[in-house]
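Look at TrEMBL and you will find 10-93 tagged as domain 'Manganese/iron superoxide dismutase N-terminal'. Taken from TrEMBL, the feature Mn(2+) binding site covers HIS33, HIS85, ASP168, HIS172. Feature annotation from TrEMBL assigns domain 'Manganese/iron superoxide dismutase C-terminal' to 100-201.
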Amino acid sequence: MFHTKKPSLTLPPLPYKRHALEPYISARTLDFHYGKHHQGYADKFNKLVSGSDLTELTLEEVMLKTTGDDYREAILNNAAQVWNHTFYWNSLSPEGGGKPSGELGKKIEMSFSGYENLIKQFCEAGTARFGSGWVWLIKENGTLKIMNTLNAENPILLRRGTPLLTLDVWEHAYYLDYQNRRNDYLTTLLDKLINWEFAAKNFNQA
Ligand code: MN
């Protein structure tokens, strides 16, 4: 699903209903975040690549091809934001939260000396991101790591291993429900909504 062919990039539907993440993320936030912000990046992207040599590429290919090209920065930013948001919706689930089990759970124990440390590092990386960006759990060189990225950047275009999960730390992701309390947003989502099943799938494919 992350290999959407162009032209006619259309957003995949949200993987749950608009009220499904309440009370932790409101339907109103999803209406704006998916319906206006995510859709806006897709519309802009389609407009920018129309008639170019990029229309037949996947989003991943577009990101890798336009990274470092000053003339195509807007294309890169919009492509990455489309990709990041689709990955974010899948990183959340109404049945999510809690502690991961299985192989991924074991790997977390090894990489972070415990699940609690993972949560701590994840929240620290998310609150430390000055301005807008993303916080990620990635698998790189066989190890699990936490990283944050600026604005639209992501582990794919930075060539930093395989992303397993992400949380959006742009203000539009949490302001309606949490106002300025970014740390509350992060800890609540990790506790109640984070989709370890999705992370495990990405982990097994990495
Ligand atoms: Mn966002």
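Heads up, the Cβ atoms here are built off N, Cα and C, so glycines get one too.
Because TrEMBL annotations are produced automatically, they should be read as predictions rather than curated entries.
Mapped onto this structure are the features recorded in TrEMBL.
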residue : record              : DSSP class
HIS33   : Mn(2+) binding site : helix
HIS85   : Mn(2+) binding site : helix
ASP168  : Mn(2+) binding site : strand
CB-centroid shell, 8 A cutoff, Mn(2+) site HIS33, HIS85, ASP168, HIS172, site residues removed: TYR34, HIS37, HIS38, TYR88, TRP170, ALA173
CB within-chain contacts under 8 A for HIS85 (Mn(2+) binding site), separation at least 6: HIS33, TYR34, HIS37, HIS38, TYR41, ASP168
Per-residue Cβ crowding (10 Å cut-off), top of binding-site residues HIS33, HIS172: HIS33
Mean predicted confidence [pLDDT] for the domain 'Manganese/iron superoxide dismutase C-terminal' (100-201): 97
Cβ neighbour count (within 10 Å, all chains shown) around ASP168 (Mn(2+) binding site): 26
